[in-house]
Number of protein chains: 2
Amino acid sequence: MAIRYELIKVCKQTGARLGKLHTPHGVIDTPIFMPVGTQATVKAMTPEELKEIEAQIILSNTYHLYIRPGHDIVKKAGGLHKFMNWDRPILTDSGGYQVFSLGPLRKIKEEGVEFRSHLDGSKHFISPEKAIEIENALGADIIMAFDECAPYPADREYVKNSLERTTRWAKRCKEAHKNTDNQALFGIIQGGMYKDLREQSAREITAIDLPGYAIGGLSVGEPKPLMYEVLDYTVPLMPSDKPRYLMGVGSPDDLIEGVLRGIDMFDCVLPTRIARNGTAFTSGGKVVVRNAIYQEDFTPLDPECDCYTCRNYTKAYLRHLVKCNEILASRLLTYHNLYFLINLMKNVRQAIMDDRLMDFRNEFFEKFGYEK
Amino acid sequence: MAIRYELIKVCKQTGARLGKLHTPHGVIDTPIFMPVGTQATVKAMTPEELKEIEAQIILSNTYHLYIRPGHDIVKKAGGLHKFMNWDRPILTDSGGYQVFSLGPLRKIKEEGVEFRSHLDGSKHFISPEKAIEIENALGADIIMAFDECAPYPADREYVKNSLERTTRWAKRCKEAHKNTDNQALFGIIQGGMYKDLREQSAREITAIDLPGYAIGGLSVGEPKPLMYEVLDYTVPLMPSDKPRYLMGVGSPDDLIEGVLRGIDMFDCVLPTRIARNGTAFTSGGKVVVRNAIYQEDFTPLDPECDCYTCRNYTKAYLRHLVKCNEILASRLLTYHNLYFLINLMKNVRQAIMDDRLMDFRNEFFEKFGYEK
């Protein structure tokens with residue numbers, strides 16, 4: 001078995017889980033936020049900086065690496081870890097989400113998905129077997145089954161067909177997976193916003209014995225309360241001796257709400273993307289650095305933060321860099337935003353340890369400006 | 001006096017100078033290459049990284065900082081060093097070169113230059129007095145006189161008028177300079193490619209007693225041999241007890257040829273700009289990282305280089321990042337190119353120390369693929 005989930009304790013106040021995930025490239029403390037390195041790089045960051053902010057695992061995108069540079073090249077480089085100079089754990093998605101996001105450029109069949117590259121329009125076909133072949137070549141510690149992520153909103157019929165195909169594809173993925181000693185295959189629960197369909201998918205996916213399970217198809221445009229509701233009835237159907245991963249979720253409130261409901265792993269492009277647009281998470285809420293009010297603000301981005309950016313630069317300087325479209329703006333804000341979320345999760349883990357995650361949530365929400 | 005030039009020794013093989021320049025923010029070894037931080041940031045680099053590669057002094061652009069964020073804001077921040085988190089020496093140009101580059105957007109009068117901002121078209125007027133006021137507000141260790149950099153080619157009449165105005169402006173700059181204890185004002189010798197006009201300018205500018213002198217108006221499109229010829233007859237007219245700065249020059253061959261002719265300081269955007277376009281200096285010559293031949297090249301960019309980039313990444317990975325337009329591509333190549341030039345200058349200083357700069361030049365040119 002490539003990975004092993006170790007449950008450390010459950011928060012008495014909330015039921016949230018504190019754990020450790022043992023992987024071939026090291027042990028991960030859960031709950032954890034995973035920075036996204038779509039194209040074999042977490043945008044604007046070096047691996048050393050990711051370690052400095054204590055990132056323990058990163059995610060990379062199979063679709064993007066398949067298209068460019070090609071999984072064969074990554075394999076020849078010695079695998080994704082070596083290619084990108086990152087020796088800690090990596091998780092790769094299956095490419096399913098990206099392929100389905102291509103819209104008119106793709107055609108779904110039982111066998112797999114035919115699509116055209118977003119780069120040059122060239123024709124490609126990815127089946128569950130092909131997705132696993134690519135993920136085996138990339139060599140991440142955790143690999144995801146090839147699934148269909150239904151859009152929101154979607155009618156029941158569509159979602160039901162889609163989740164059932166996702167189950168059949170998950171079985172084919174497990175069958176195709178050649179490297180079970182070094183790579184853990186996770187199944188993905190779909191079912192949209194339909195309770196009975198989520199239940200059906202959870203039942204079917206967890207029946208396939210796999211080292212971990214994810215919830216897909218959330219944070220796709222639905223209202224937040226609806227997402228939390230889906231988590232409320234889906235997470236309890238997932239086995240407690242395996243890690244639970246909520247895909248594509250990464251706003252501070254969603255991370256906390258997810259952990260409260262028993263989630264162990266998260267990923268999202270949000271912190272890095274908004275950083276490049278000049279927006280920062282701070283202990284007092286979001287800060288749009290470009291705003292004119294910061295023109296002569298010679299205080300740090302977040303006075304409570306002790307990251308490299310906040311220790312060395314003022315809002316006035318960061319605003320100047322953002323307005324000039326300087327690379328250093330993207331660097332400093334990305335660094336800070338990732339630090340913020342990683343630090344948030346560290347505090348969340350401590351709160352679970354101290355059996356006070358609900359109190360922590362309420363304090364954080366009040367300070368950040370979220371509705372309680 | 002804000003600065004003091006200390007001549008350590010002269011190379012017996014070439015006459016090149018080894019020296020130290022004492023400034024309010026530390027001592028600089030000369031000959032030196034100064035990375036350019038146009039908008040109060042050396043593009044893609046942090047100050048810590050600049051120190052890691054042993055950058056001793058950087059240049060920043062007065063015109064850009066005047067336009068954005070405004071010298072008043074930099075002054076309120078505590079000056080440019082504090083604003084950008086760089087505690088080593090800084091040199092600011094006068095904005096002359098940038099203003100004259102605006103072409104139809106500017107109008108030259110004896111009093112100064114009227115121009116429109118390249119950002120919003122707003123009208124501005126910079127006189128020698130205004131340029132010094134801005135440079136005093138920025139607070140760099142070395143500040144440049146407001147000059148006119150004649151284009152190439154330009155007729156004799158134009159160049160003569162221009163250099164004579166540059167002399168009158170240099171006197172006004174000296175008169176206006178309020179902070180002589182902490183900021184050293186350098187004069188700029190112009191005169192285009194005309195021997196007698198360079199001589200006239202050198203005579204006039206060095207007659208104004210200033211702590212250092214620069215040669216401007218070179219590397220503006222003229223053939224390299226012509227630039228070297230101008231240096232051959234201009235440098236000997238500059239006092240040997242003060243630093244000599246060749247503005248806007250930064251290709252490896254020009255750096256060495258400049259040092260051979262007695263130059264102590266250089267700056268250029270070339271290494272950082274070509275880095276962002278995916279081109280690297282290496283011991284074997286220029287490498288265009290994007291080229292298909294590097295697709296499966298899992299060796300470092302420069303096998304003889306021990307910089308962070310070359311120690312940790314392959315050409316195949318760098319090529320992938322360049323093709324993806326990833327910020328990390330700009331970071332890693334900028335880091336390497338600056339390291340390359342700074343290391344080159346370190347080797348140049350050692351060669352002067354060892355009285356073998358001409359041998360060093362010939363060996364370097366042969367290896368790099370330059371004509372000897």
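We count from 1, first residue shown onward.
Note: Cβ is positioned from N, Cα and C throughout, glycine not excepted.
A quick note: this is a predicted structure, and the numbers were derived from the prediction, not measured.
Marked as domain 'tRNA-guanine(15) transglycosylase-like' by TrEMBL: B:14-368.
Sequence annotations record features per position, and here TrEMBL assigns substrate binding site to B:D93, B:S94, B:G95, B:G96, B:Y97, B:D147, B:Q190, B:G217. According to DSSP, B:D147 (substrate binding site) is assigned to coil rather than to any helix or strand. The Cβ of B:D147 (substrate binding site) has B:S94, B:G96, B:Y97, B:T166, B:W169, B:A170, B:I188, B:Q190, B:G216 as same-chain neighbours under 8 Å, each 6 or more residues away in sequence.
Among the features that TrEMBL reports, active site, proton acceptor is placed at B:D93. There are 31 other CB atoms within 10 A of the CB of B:D93 (substrate binding site), with all protein chains counted. Taken residue by residue with DSSP, B:D93 (substrate binding site) is part of neither helix nor strand, so it is coil.
With a threshold of 8 Å between CB atoms, the same-chain residues lying at least 6 positions outside the region 'RNA binding' (B:248-254) that come near it are 33, 97, 216, 218-220, 224, 227, 266-271, 281, 340-341, 344, 364-365, 368, 370. Annotation comment: TrEMBL describes B:248-254 (among others) as region 'RNA binding'.
Per TrEMBL, active site, nucleophile is recorded for B:D267. The 10 Å shell around the Cβ of B:D267 (active site, nucleophile) contains 22 further Cβ atoms across the protein chains shown.
The region 'RNA binding' annotation in TrEMBL covers B:272-276 (among others). Beyond the ends of the region 'RNA binding' (B:272-276), by six or more residues, the same chain brings 35-36, 42-44, 286, 330, 333-334, 336-338 to within a C-beta distance below 8 angstroms of the stretch.
The Zn(2+) binding site annotation in TrEMBL covers B:C305, B:C307, B:C310, B:H336. According to its DSSP assignment, B:C310 (Zn(2+) binding site) is helical.
The DSSP breakdown of the region 'RNA binding' (B:248-254) into helical (H, G, I), extended (E, B) and coil residues amounts to 3 helix, 0 strand, 4 coil. Ranked by Cβ neighbours within 10 A across all protein chains shown, the binding-site residues B:G95, B:G96, B:G217 are led by B:G217. Compute the center of the Cβ atoms of B:C305, B:C307, B:C310, B:H336, which mark the site for Zn(2+); besides them, the chain residues with Cβ within 8 Å of that center are B:P300, B:L301, B:D302, B:D306, B:Y308, B:T309, B:R311, B:Y335, B:Y339, B:F340. Taking the mean position of the Cβ atoms of B:D93, B:S94, B:G95, B:G96, B:Y97, B:D147, B:Q190, B:G217 as the substrate site, the remaining residues of that chain whose Cβ falls within 8 Å of it are B:F100, B:M144, B:A145, B:F146, B:E148, B:C149, B:I188, B:G216, B:M247. Listed in sequence order, B:A275, B:A280, B:F281, B:L301, B:D302, B:C305, B:C307, B:T309, B:C310 are the same-chain residues six or more apart from B:H336 (Zn(2+) binding site) with CB atoms under 8 A from its CB. Cα of B:G95 (substrate binding site) to Cα of B:D267 (active site, nucleophile): a distance of 15 Å.
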